[in-house]
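Right, one structure below, let's go through it.
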Amino acid sequence: MEEFFSMSTGLVFPLKASPGRGCGPMWLPCTPRDRIWWIGYAMLHTSPRILCEAAEKSEACEKKDLVFRHPVPSVPTFRPSMSVPDWLVAIQNYMKALQYNHTGTQFFEIKKSRPLCGLMETAREMIRESLPIKCLEAVILGIYLTNGLTSLERFPISFKTQFSGHCFHHVVLGVYCNGRYGSLGMSRRQDLMDKPLTHRTLGELVAEFESSYKRYQHTLKKVKIGLYVPHDPHVFQPIEWKHLVLNAARLGAQEMRKELEKHGRDMRMKILKSSSAQSPIKERSRGKSLSPRRRQSSPQRRFTHRRDKSPASVERKPPELSTLNDGYQIRI
């Protein structure tokens, strides 16, 4: 029993694959729901003989009571005595306890265009299932666990890098509090996820990630900075993921730092607004005063007004219908 498969939703048992396959250890969950999913996934990579052996050993372990439940990490609880950096460390430790998902299959579907209230429901599902997560799932989970901390601002930071001719994408949750920047997230590399809340500017935080990428011979291509995420988990507003897009290949280090610092100042001053947040205003603008089509029709009104005052138009009107003897006008 050297190896075992970690599944929080059911029972597990150790099983080793044949050494000739070269695919490493093979595990199979013991609950029916998980077993159906994993057998279908493993059939793509494992021979039927090994799967049959796995099913037989699973039943044998259940009969002999050799199975056990995987421990579920406890969700951190915020206390008033905790400082913001301590709370961020507790959240990051919880994510690390969930572990990074190395299976190549994402357990939770994350659609960036989905409203924030729907993404928070996915975050609650992550906590219930306690399965390994990836970087995008860690961003949603970090937003959910920091919703009540109004002194902390959260915004997404996305990276596009290139290594050996291939492009790679990564995203973390940037945080800002009391004039300092940091981040939360998950990655295969320890220095590409969480950063302490010690960076003075947004440019320093991004430069720290860029230096971390250089250690792995990755070249930074693009950086996308989103806007602050609302603390209300019930809003029907999607997250603004890429309000600022910087091409690191075209911009120099100095120019890129200037753009990041300007974006950070604008966010702190709350003068940047999400395009999705303005959608209700666009719907209300269909009224009389705010509609663009109504404004475009105003020259037609002036043209009609000038046409009515022209002598030709007055002559075309029948004199018996234009006015009455008592001075009243008939509007046709």
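A Cβ is built for glycine as well, from the same backbone N, Cα and C atoms used for every other residue.
Taken from TrEMBL, the feature active site applies to Cys135 (among others).
In sequence order, Cys135, Ser158, Phe159, Thr161, Ser187, Leu192 make up the list of same-chain residues 6 or more apart from His170 (active site) whose Cβ falls under 8 Å from its Cβ. The active site annotation in TrEMBL covers His170 (among others).
Sequence annotations record features per position, and here TrEMBL assigns active site to Ser187 (among others). Counting every protein chain shown, 17 other Cβ atoms lie within 10 Å of the Cβ of Ser187 (active site).
Annotation source TrEMBL lists compositional bias 'Basic residues' at 287-308.
Here TrEMBL flags 271-332 as region 'Disordered'.
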Cβ neighbour count (within 10 Å, all chains shown) around Cys135 (active site): 21
